[in-house]
Amino acid sequence: MASSKAYGDRVASHSNRAAQDLLRTMERKQSNLCVSVDVTSKAAFLAVVEAVGPFVCLIKTHVDVIADFDADLVEQLTQLAAKHDFLIFEDRKFADIGNTVSLQYAGGIYKIASWSHITNAHTVPGPGIIAGLAKVGLPLGRGLLLLAEMSSAGNLATGAYSDQTIAMARAHRDFVVGFIAMQRPSGPADEDFLILTPGVQLGSKGDALGQQYRTPREVVFDSGCDVIIVGRGVTGSGESINVEEVQHQARRYRDEGWSAYRERIASN
Ligand code: 5BU
């Protein structure tokens, strides 16, 4: 069972380069923390990434919210990824037919496939979305997460929808490395998906717009998920970045996430 194994020992269960690199990075940095950098200016974005870089295995982006996005932002982000040893996950949530998503992934202003190691997709269009993204991403060694579940109240990614999403992933193991999900799905003992989980915060149960929070321990120990995705719990809300506070929170979530993982491994 993947949840009982050390991250580093799971590299061999994956053929996808992005999945292998993420697991190796987690082991090397002793971090299962992904910080979601949801700020709207390039300066604030780069300031947060520089501040949290040492503590994370992964930086999650929504590049379409950055008002002054440009190619230099990607250049600087890529340099910070090398400097601080983390991977990049553009949380694009593709949701169209295969042909359209292949254009959206490769091109436009953002050229996501050229810099983002991991991205994600809804399965509502059917498996053609995976084929369309794989056509672009696989030759570059990229990986895809499917949204099997979401963190927000009242979302429709439940039951049969989640089950069919997992079945689609099983049929595309070369490119689909895992899920956005709230818990590890059950499956054969030798099956290894990466489970990345948003909706994580200490000291808050949710926001005013439907977000629902759990603690790192609930996510990693109780639910068997691999990576905690934390946004405002680390960055705060708004654009004014207090670097010391952001670093303090990143260290705190990194420590909480890692000790929950250690506890999980020890209990199995
Ligand atoms: P927060 O500030 O920790 O609430 O930010 C959570 C981030 O994770 C934010 O970028 C969301 O777009 C993202 N997210 C989520 O919250 N829930 C989901 O189910 C998915 C993504 Br998929």
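Even glycines carry a Cβ here, placed using N, Cα and C.
Per TrEMBL, the features are as follows:
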type     : residues                                     : note
DOMAIN   : 32-246                                       : domain 'Orotidine 5'-phosphate decarboxylase'
BINDING  : Asp38, Lys60, Ser151, Gln211, Gly231, Arg232 : substrate binding site
ACT_SITE : Asp91                                        : active site, for OMPdecase activity
ACT_SITE : Lys93                                        : active site, for OMPdecase activity
ACT_SITE : Asp96                                        : active site, for OMPdecase activity
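Across the fold, the C-alpha of Arg232 (substrate binding site) and the C-alpha of Lys93 (active site, for OMPdecase activity) stand 19 Å from each other.
Within the same chain, residues at least 6 positions away in sequence whose Cβ sits under 8 Å from that of Lys93 (active site, for OMPdecase activity) are Asn120, Ala121, His122, Leu147. Taking only the Cα positions, the spacing between Asp38 (substrate binding site) and Asp96 (active site, for OMPdecase activity) is 23 angstrom.
Counting other Cβ atoms within 10 Å of each Cβ, the binding-site residues Ser151, Gln211 show the lowest value at Gln211. Working note on the recorded positions Asp38, Asp91, Asp96: by count of other C-beta atoms within 10 Å of each C-beta, Asp91 ranks first. If you count neighbouring Cβ atoms within 10 Å for each of the binding-site residues Lys60, Arg232, the highest count belongs to Lys60. Looking at Asp91 (active site, for OMPdecase activity) and Gly231 (substrate binding site), their Cα atoms lie 12 Å from each other.
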